[in-house]
């Protein structure tokens, strides 16, 4: 196009920038509607679920729920004290196992493992895979190796804690590795150049720099652990025990197991109890996730 | 030249087994007439701090830097210059064994430091780095307070004494004390880039090293910060030997006593680039009457 042609064309056009076409605006609106629709659908589903549970459970949401023990025959006086304590003990036990093992493994894989070696790649691949294994499979593993078999601990709190540890360990390792990897190599280099040993560098620079991410991951993993039902049922958690767990070797139940037990019953009063238990469990999960979000926002290192 | 202001006082830290003599004479007889003549036996520049002999660096068996033989002088600033990929940073990282951290890196030859080969079998790289500090291209303060940034090094190497004093002295040596004395507890990430880099220098000095290696320390800084760091280098070279990699030839000319020019050797093909030391001499000579044509082309801006 010559200069004269351009000038001629410009003269015939009133505007340089063409107006937005009708077709484009319709398409934009269409996409927006689809996305709003998807969002609305999810919100509606959650709202219906929550509402049903609150309506069913609220009448039973009282101090009695926390102070009374479960019962299979007297729904009026049933509570979930042993289940609440069981869940809390399981959480503490799982944390006690998963924190040291998970962090140590993450450090090994990020800082020490030579990823060109086949067995290290093999371990990494397996951890990725284990993170997506269905939880009931961990229950069967726990039943065969922990409750019976080599460890033969029986259906005890300790067996439950170990099973849940195995379940969430891959997630903790993966999140831990990501947090460690987020610490820039220049920080490690700076420490090493001052004459720090590898361990001093990890312990005093890399770990403090990644601890917020690791802690967040651990809390989210624990909240997954206390929500698990299938593995605990498979390893033989007690149903409606009228006693609190009193040690590592004690029989136990947990809130999800108790919810399952109550909701199986035909008596509608037990369904109300199940809903009330769900409220308690959801409250606990909400609290834990809030702590995780707080930790991330407050302590996460911006590099 | 900064050299002319230096006092010819005797070296208090002179060690007995210094590999001087033959290696240092090569630079001594080439001292250009522009420099003030110094009594050779008493000036620090006749003592080598690093005597590099046939240093090769290989990555996964592939030669990256070849046959560097150079005596680097005590209490001088030696600048390493050259085009990108010529191996000057790689070579610098040999001097405190930072290359050990790169999987597959291998260093051949000898680097004699206080009579000891840094690459001898029984030498612990961690101990090497306690004596030979390093400042990096991008300021890399730890995500901690200014105070903790300085105190980290002395703590890990187990230095005795009052930590407050150690921190204050290090910050003063890096002429940062007046800027930060009222906010030692503040996070170092809140400092400006130039201050961060001086903090990194202070951090390196806090463990009382003998040598300071600087890998393009000013490339991420503005001219004013650069200027302050250069002044700082000239101040501290009374006590430390400094080796600096720089892309900025004016910087090399301004601060260094000796300059080593590296280049990329492409004779083995584009995929087998090897860095080689072309010329190592008094800075003024390198910039005014270099012996090698490649050096001349580089310093006059004809290539690189």
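All positions are counted from 1 along the displayed chain.
Glycine is treated like the rest: Cβ placed from N, Cα and C.
Unlike curated entries, TrEMBL annotations are predicted automatically.
Not measured: the values here are computed from a predicted model.
Quick look at what TrEMBL annotates:
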DOMAIN    A:84-292  domain 'ABC transmembrane type-1'
TRANSMEM  A:29-55  transmembrane segment
TRANSMEM  A:88-109  transmembrane segment
TRANSMEM  A:130-151  transmembrane segment
TRANSMEM  A:157-176  transmembrane segment
TRANSMEM  A:206-226  transmembrane segment
TRANSMEM  A:273-295  transmembrane segment
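Listed stretches A:29-55, A:130-151, A:157-176, A:206-226 were compared with the transmembrane segment (A:88-109); the greatest number of C-beta pairs under 8 angstroms is found for A:157-176. As a quick check, the transmembrane segment (A:130-151) and the transmembrane segment (A:157-176) clear the bar of 3 or more Cβ pairs under 8 A, pairs 6 or more apart, so the two touch. Sequence-distant contacts of the transmembrane segment (A:157-176), counting only residues of its own chain at least 6 positions beyond either end whose CB sits under 8 Å from a CB of the stretch, comprise 86, 89-90, 93-94, 96-99, 101-103, 105-107, 109, 127-128, 130-131, 135, 138-139, 141-142, 146-147, 151, 210, 213-214, 216-218, 220-222, 224-225, 228, 231-232, 235, 237, 245, 247-252, 254.
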